[in-house]
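Here the structure is laid out as structure tokens; the discussion comes afterwards.
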Amino acid sequence: MNGLEKKYGLFTAIAMVVGVVIGSGVFFKADDVLTMTDGNLILALVAWATGAFSMIFGALVFAEFAQRIEKANGIVDYTEAAYGKKAGYLVGWFNWILYFSPLSAILAWVSAMYTMILMGRDNPANSTATWMLAAAYMLLAYVLNSFAPKIAGNFQVGTTLIKLIPLFAVGIVGIISGIFSGVTIDNFTTAAMTVGSKGGTLASAVVATAFAYEGWIIAITINNEIKDSKKNLPKALTVGTFIVFLVYIMYFMGIAGVLPTDQIVAEGDNAVSIAASMLFGTMAASILTGFVVISCLGTLNGLVLSNIRLPYSLAIRGQGPLPGKLSVVNEAVHMPLRAAMFSAVVSFLYLGLWYASLNELFGRFIGLDEIPIVMVYGLYFMLYIWYMRNFKDLSFGKRFIKPAFAMLGALIILYGGITNPSIGLYLLISLGVLVFGLIFYNSDAKAD
């Protein structure tokens with residue numbers, strides 16, 4: 001059996017977009033964005049809006065792709081249609097080996113670290129218990145998504161609803177508090193005074209927001225498992241990205257309504273807990289951390305859900321390692337179990353690499369949280385160009401205006417990524433991995 005069952009509805013698809021995007025990033029990138037803009041609230045809001053700008057218009061473009069192309073894995077299908085079979089294969093290989101697998105490992109570790117913080121452990125980032133729990137979380141995510149995909153989908157919806165609670169609570173109460181206390185006005189006044197003097201590094205701040213916004217594209221990896229996908233997937237992309245943007249701005253303004261921007265910068269990641277404690281009491285920090293754990297686990301679940309399907313999407317085209325075996329769908333659970341096992345192995349290898357990096361066994365490895373996202377936006381940019389050249393039946397606004405706005409946001413993210421000192425090494429390693437992937441490319445293969 002080589003076909004996947006249509007098992008996900010519109011709400012699950014929306015939950016994929018919202019649930020995967022809203023993970024740990026919104027909690028620990030808020031202070032980073034302010035730091036990169038020199039504590040300037042106006043520039044920070046511009047950065048959040050620019051990141052959302054790229055996400056929303058990118059989603060609108062890919063919604064048009066989704067209405068026209070439905071195969072096994074959205075981004076691979078679109079690249080294949082635009083630039084040929086080999087380009088589609090390399091994109092699938094990149095997403096599997098260099099994107100979803102390392103991000104899955106990082107989210108497993110982040111989930112474990114916040115769990116240890118919730119349990120009162122001091123400095124848990126590199127403890128043995130944290131690494132063991134990270135491995136357990138990742139194993140559980142792969143088992144759940146492999147053997148009980150419908151439960152995994154329900155888990156995605158459930159965690160999405162749960163993680164919205166603290167964001168709405170901090171956002172709404174914080175905004176109201178800031179209006180009455182005057183903190184919000186003071187923060188905006190301070191920002192207005194510093195514009196043109198400090199200026200900030202807006203492009204780098206936008207890259208930080210890109211990490212917090214990343215994940216909106218993941219829903220298209222299950223496009224052939226979504227019921228009436230040509231209708232529901234575009235809705236999920238559009239509705240989901242707007243929800244994320246509104247929630248993020250509300251949450252960010254809530255934090256800025258409680259703490260002065262200079263204190264948010266000074267406190268770093270602890271600013272969230274301090275703001276929650278000031279709003280809701282001393283127990284709030286622990287409760288919020290619990291929500292962060294759930295939020296991270298929901299993101300991990302979504303990443304694994306997508307990562308399992310990447311080697312399968314290559315295999316059904318006769319590509320990648322062992323295509324005859326990895327393209328087989330188990331009849332009992334309607335999932336490609338061998339492909340899932342391969343994905344799990346790669347993710348666990350990255351978890352080991354992350355451990356080696358934090359312990360500097362081979363030196364400090366390049367950051368895997370932001371640069372892969374920058375590279376993916378480079379791919380999006382190429383697809384936007386093809387979209388403008390080939391979708392000639394669309395109106396002027398849909399054909400040119402939408403992708404132009406998406407391209408503008410992508411260019412800002414690309415510019416911010418180029419300034420990262422690790423970009424050269426990452427490109428070199430990525431090139432080596434892509435060349436290695438060509439070993440498994442079969443130019444004569446035909447998709448099933």
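Just so it is clear, glycine is given a Cβ too, placed from its N, Cα and C backbone atoms.
Per TrEMBL, the feature transmembrane segment maps to 7-28, 40-63, 96-117, 129-148, 160-182, 202-224, 236-259, 271-300, 335-356, 371-388, 400-418, 424-441.
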Recorded stretches the transmembrane segment (96-117) and the transmembrane segment (236-259) touching, at least 3 CB pairs under 8 Å: no
Highest-contact recorded stretch vs the transmembrane segment (335-356), from 7-28, 129-148, 160-182, CB pairs under 8 Å: 129-148
Same-chain residues at least 6 beyond the ends of the transmembrane segment (271-300) whose Cβ lies under 8 Å from its Cβ atoms: 19-20, 22-24, 27-28, 30-31, 104, 107-108, 110-111, 114-115, 117-118, 137-138, 141, 155-156, 159-160, 162-163, 165-166, 169-170, 173-174, 177, 215, 254-255, 258-259, 263-264
Cβ contacts under 8 Å made by the transmembrane segment (424-441) with residues that lie 6+ beyond its boundaries: 86, 89-90, 93-94, 97-98, 319-321, 366, 371-372, 375
Distant-in-sequence neighbours of the transmembrane segment (7-28), which means Cβ under 8 A and at least six residues beyond its ends: 55, 59, 107, 110-111, 114, 149-150, 153-154, 156-157, 159-160, 163-164, 167, 211-216, 218-219, 222, 225-227, 232-233, 235-237, 239-241, 243-244, 247-248, 251, 269, 272, 292, 295-296, 298-303, 305, 334
Cβ-Cβ under 8 Å with the transmembrane segment (371-388): same-chain residues at least 6 beyond its ends: 54, 58, 61, 64-65, 75, 78-79, 82-83, 91, 94-95, 98-99, 102-103, 207, 210-211, 214, 217, 399-400, 403-404, 406-407, 410-411, 413-414, 416-418, 420, 422-423, 426, 430
Contact set, same chain, for the transmembrane segment (236-259): CB under 8 Å, 6 or more residues outside the stretch: 10, 13-14, 16-18, 21-22, 26, 30, 41, 44-45, 48-49, 52, 55-56, 59-60, 62-63, 66, 164, 167-168, 170-179, 181, 183-184, 187, 212-213, 216, 219-220, 226, 267, 271-272, 274-275, 278-279
